[in-house]
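Here's the structure we're looking at; comments come further down.
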Amino acid sequence: MKLPIYLDYSATTPVDPRVAEKMMQCLTLDGTFGNPASRSHRFGWQAEEAVDIARNQIAELVGADPREIVFTSGATEADNLAIKGAANFYQKKGKHIITSKTEHKAVLDTCRQLEREGFDVTYLAPQRNGIIDLVELEAAMREDTILVSIMHVNNEIGVVQDIAAIGEMCRSRGIVFHVDATQSVGKLPIDLSQLKVDLMSFSGHKIYGPKGIGALYVRRKPRIRLEAQMHGGGHERGMRSGTLPVHQIVGMGEAYRIAKEEMTAEMDRLSMLRDRLWNGINDIEEVYLNGDIEQGVPNILNVSFNYVEGESLIMALKDLAVSSGSACTSASLEPSYVLRALGMNDELAHSSIRFSLGRFTTEEEIDYTIELVRKSIGRLRDLSPLWEMFKQGVDISSIEWAHH
């Protein structure tokens, strides 16, 4: 077993060797290196064919028509294109958007930008387990609501939203429904031929494909219109200009093909490993599971260890690559905004660790993790005056600390 152990698969995944091999065939002179928009020679045709195959592989995993897949530079761009594109196109119908407080920053900050441009955004607070209350969502819908954006799976706590039910609510009112599926694609079955979802964002690098590539699903029936955000040569049916990066697209396609083949067995395996990890640490005193194990994906476990500082815990666990909060915001010492939105106090939010498992995680690594976490928590609490006070029955929240 090699140290450190990678348990941060929700931040990014290593590229699967089968994916890397396919990508290598699209880079050099003897490979498929052409520009797919070059219609006048074989190099262009071959590149276009490689892109078509990948587009089909992605569409097949999610039950879409390949013509509904628009390539972007990643899920962040897909979220921006979906939300800004739909808001700008449909603004004559209304300027009200609904999202939730636990969305990824790519959705939240896009909505903030639209607020600066005169749109009105409602940010729903989820229930304590992270699930959106559908009654509250329905109550927030107005005559001028044009767009609802709710993620499928949360990147920090792994809870799954009922996008089928939300889709029905939106469709019956003629509201465009966008779903960020970055963390769910390849982990949960998605069938866009059945779901009433209009726009869906995908990433390559969360599913053993390369970084720098993503896609946006844009429904054809009923047809959803977007205002382009990237202008140029009119690629991707005018929705996203820019020369298509064939090697990245081929890599993403192969990653989605593998996911379709292996998803069911792999999720059973990860479910077992996640349960093994949770069962190995849940008897430690003052340990809390964040989210909802029943309504969660099998690869994410977010746990708070009360009376232990999250940063010191991460230092103690230096043989484990884990995160507190998401990678996109973890450089700041602010506690996770997702956990705060669940109504958690700052101290408990600060002591949270996200373990995310993946394709190359082994049982041996999980057992090592359990042992290391148990030892580290014990050691850090031995050093903690707060833990000592808690053990003596002092109500820490009632203490007034002196400020120097």
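Cβ coordinates are placed from backbone N, Cα and C, and glycine is handled just like the others.
Swiss-Prot lists A75, T76, N155, S203, G204, H205, T243 as binding pyridoxal 5'-phosphate, and of Q57, Q91, Q183, Q229 the one it places in that same site is Q183.
DSSP classifies A75 (pyridoxal 5'-phosphate binding site) as helix under the three-state reduction. Taking the Cα atom of each, Q183 (pyridoxal 5'-phosphate binding site) and K206 (N6-(pyridoxal phosphate)lysine) are about 7 angstrom apart. Comparing Cβ neighbour counts within 10 Å across the binding-site residues N155, Q183, S203, T243, the minimum falls on T243. The Cβ of T76 (pyridoxal 5'-phosphate binding site) lies under 8 Å from the Cβ of A106, G214, each on the same chain and at least six residues away in sequence.
Across the fold, the C-alpha of N155 (pyridoxal 5'-phosphate binding site) and the C-alpha of K206 (N6-(pyridoxal phosphate)lysine) stand 10 Å from each other. Look at the Cβ of each of the recorded positions H205, K206 and count the other Cβ atoms within 10 Å; the largest number goes with K206. Long-range Cβ contacts of G204 (pyridoxal 5'-phosphate binding site) within its own chain (separation 6+, distance under 8 Å): G74, P210, K211, G212, I213, G214, Q248, G251, M252, A255.
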